[in-house]
Amino acid sequence: MSGEFGDRNEEGSPGTVLSPSINSSCVFNTTNCSHRDFHMSDFGKTEFVGDGAAVVRITISVIYSLVCALGLVGNLLVLYLMKSKQMWRKSSINLFVTSLAVTDFQFVLTLPFWAVENALDFTWPFGKAMCKIVSYVTAMNMYASVFFLTAMSVARYCSLASALKGRRRRTRCSSARCISVLIWFSAVSAALPHAVFSTTATVSNEDLCLVKFPETNGSAQFWLGLYHSQKVLLGFLVPLGVISVCYLLLLRFITNKNINTSSAKRRAKVTRSVTIVVLSFFLCWLPNQALTAWGILIKLNAVHFTYEYYTMQVFVFPVSVCLAHSNSCLNPILYCLMRREFRKALKNLFWRMASPSVTTLRPITATTKPELDERGHMLGP
């Protein structure tokens, strides 16, 4: 997704790098980590990395296309099941699952734009307006997705902990709706810099889509570093901490001998599911966030810009962005298909598609044995 190395002085010639650093648009979007933005002599090197970078770009464009296709199918299936069975009305967790599917669906719709940009060596052919829109939608839905994952973890912990203690705790859907509205408002606010500062710039006779803060007494680098810090904190560290604490507390409940769980098999299943959920979030986002944190240190002059950092941005950063975006495909699988009631409904859907004479889906009955939610039904991971 778009971004570039070096903030360009408007008075300088195109392509001249005055202060090697990574632009903030790299953070959420495809990376425009092109060799053309650097004088390699700055590093005492003369290698040309264009051929390798081109292979990475084309590969990532293909991956984006696959992620988009899988994400569209997976999230549409989730939304269809939620709508057809009115599941989103039945519990706060299901409402969060529905919101997460909407978020991820919107997110994968932006991937074709970034795939084209990668294939064109990070040239943006869609104009300034689309640059702002696509960049903003990408960032907003990234925040919303992470926030909804966090809310689901808290809701799941509260409902399962209450169920395992033999209590009937019910979180009203009206409260979940208020939380959802708050999450959307927070995501919209957190991504505002993309709406304000995303723009196109001509570099070496090519149009790039990037986030460019105004240069006032050298303050652009400070704001870039501050915005990247917000992304690392709100988009990774805080959610990861909350998710980890919730699931660790949940594991404490199910492994406590004083808690009357159904069986060792169920405990093992929940433990495995918890591990998958936490590791998927951590592994998908860690590489991207680690490179972002490295860039923050460079912007704050805590460490020097090096050729190694440049190489990591050219070859590793695009892969890290792809990995982070693949989380939008994993979410429907991790949060829906691992739940028995969703698997049952999906099986019924496929049965209906294969049998035209069947006019209605079989309802989810007690035979589906749904997991406990806040109404007392056992949920999945």
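Cβ coordinates come from backbone N, Cα and C, glycine included.
Those TrEMBL annotations? Automatic predictions, nothing curated.
Annotated transmembrane segment per TrEMBL: 58-81 (among others), in sequence order.
The domain 'G-protein coupled receptors family 1 profile' annotation in TrEMBL covers 74-335.
The transmembrane segment annotation in TrEMBL covers 93-113 (among others).
Same-chain residues lying 6+ beyond the ends of the transmembrane segment (133-155) with a Cβ under 8 Å from its Cβ atoms: 1-2, 25, 28-29, 92-93, 96-97, 99-100, 103-104, 106-107, 109-110, 113-114, 126, 171, 176, 179-180, 183-184, 186-188, 190-191, 194-195, 198, 209, 211, 234-236, 238-239, 242-243, 246-247, 277, 281, 324, 327-328, 331, 335, 374. The transmembrane segment feature in TrEMBL is assigned to 133-155 (among others).
Residues 24-25, 28, 91-92, 95-96, 99, 132, 135-136, 138-144, 147-148, 151, 155, 211-214, 227, 230, 234 of the same chain lie 6 or more positions beyond the ends of the transmembrane segment (176-197) yet place their CB under 8 Å from a CB of it. Under the heading transmembrane segment, TrEMBL lists 176-197 (among others).
What TrEMBL records for 232-254 (among others) is transmembrane segment.
If you look at the transmembrane segment (274-298), the same-chain residues 6 or more away from its ends with a CB under 8 A from one of its CBs are 21-22, 26-27, 149, 153, 225, 228-229, 231-232, 235-237, 239-240, 243-244, 247, 250-251, 304-305, 309, 312-313, 316-317, 319-321, 323-324, 326-327, 330, 334-335, 338, 381. Annotation source TrEMBL lists transmembrane segment at 274-298 (among others).
Positions annotated as transmembrane segment by TrEMBL: 310-337 (among others).
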